[in-house]
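The structure appears right after this line, and notes come after that.
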Amino acid sequence: MDSIFHEKQEGSLCAQHCLNNLLQGEYFTPVDLSSIAHQLDEEERMRMAEGGMASEEYRTFLQQPSGNMDDSGFFSIQVISNALRVWGLELILFNSREYQSLMINPINEKAFICNYKEHWFTIRKLGQQWFNLNSLLTGPELISDTYLALFLAQLQQEGYSIFVVRGNLPECEAEQILRIIRVQQQQRPRLIGEDEAQTSAGRSAALSQTEVGFGVVDEVVDEDDELKRALALSRQDIDVEDEEADLRRAIQLSMQGAVMSNKSSESDLGNIKSGSTAGGQKDGQNETLTAEELRKRRQAYFDRQQQQAQSNIPQQPDPKSAGGSGSVNTGTEQDQQQKPSQ
């Protein structure tokens, strides 16, 4: 396969690549084909001038661009046919009635030139095998004898114009080698740019996958943040519950501490007076009275605090209460003594 000459596509110079791949060498350049195209244009101009240079048809012809070449590098079938005529080769339309009437098997021909939408490429026989030498491929493509007729029929169905190359092609190295050795192609060549397209598609897919990955990471991060917020809120609830529990325990301990202090005082007094059972019963009464008294005193204290918060006006002393019994004064003093324990 390495011995086969194969020009790859450059710009729109498919006609040049088609001819050189057919002849298996760098026989034509864009300048050569341009010269042939200009020569054809001049011949056409001279034929049009025969009808009169002042005619409307001639002036219209001069205004029209060349039909044999354009600025992109395209060349007409006339240019290709004239270029091959130098080598004694001619082109015959494959699907013409004249050629079809000959009933020639395609595998008995030497080469074909195909054209579709201004693209030219060559199919040539080298040794005993056929090769697709399309310049748009990364390399020569092996075509079996069985597949050749199907391949040509497919091209015709797709709208290709196919020309049979008649005449003796110049000798080439690939022809000499492939007469002795038959080649096998393990992997068919790709179209030029197909690898790049697949690479670009792969990169796009990788980028999309990366974006999806980032989305998954973001979702995981969001879930982690939500979990952290939930844990923080639960900790706040636990802290509030703990504070309320601590407050309740503090109140209970303060009440227990006041009761226990009164119990110990009464118990000591009972032990001094007598150690009898009657003394124990009296202690029980004092304990009950002391708890009731604590409740009343705490209620009175809370009532006074609420009244002060509502009015923010100092309370005027009640003359009656000021001159009242000493039991009230004693209660006030006792309240003041009990404030630290509360």
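Placement of Cβ uses the backbone N, Cα and C atoms for every residue, glycine included.
TrEMBL does not curate its annotations; it predicts them automatically.
Sequence annotations record features per position, and here TrEMBL assigns active site to Cys14 (among others). If you draw a 10 Å sphere around the CB of Cys14 (active site), it holds 22 other CB atoms from the protein chains shown.
According to TrEMBL, the feature active site, nucleophile maps to Cys14.
Cβ environment of His119 (active site): Cys14, Leu136 lie under 8 Å away, each six or more residues apart in the same chain. According to TrEMBL, the active site annotation covers His119 (among others).
Here TrEMBL flags Asn134 (among others) as active site. Neighbours of Asn134 (active site), defined as other CB atoms within 10 A of its CB across all chains, total 25.
Feature annotation from TrEMBL assigns region 'Disordered' to 258-342.
Sequence annotations record features per position, and here TrEMBL assigns compositional bias 'Polar residues' to 258-276 (among others).
Taken from TrEMBL, the feature compositional bias 'Polar residues' covers 327-342 (among others).
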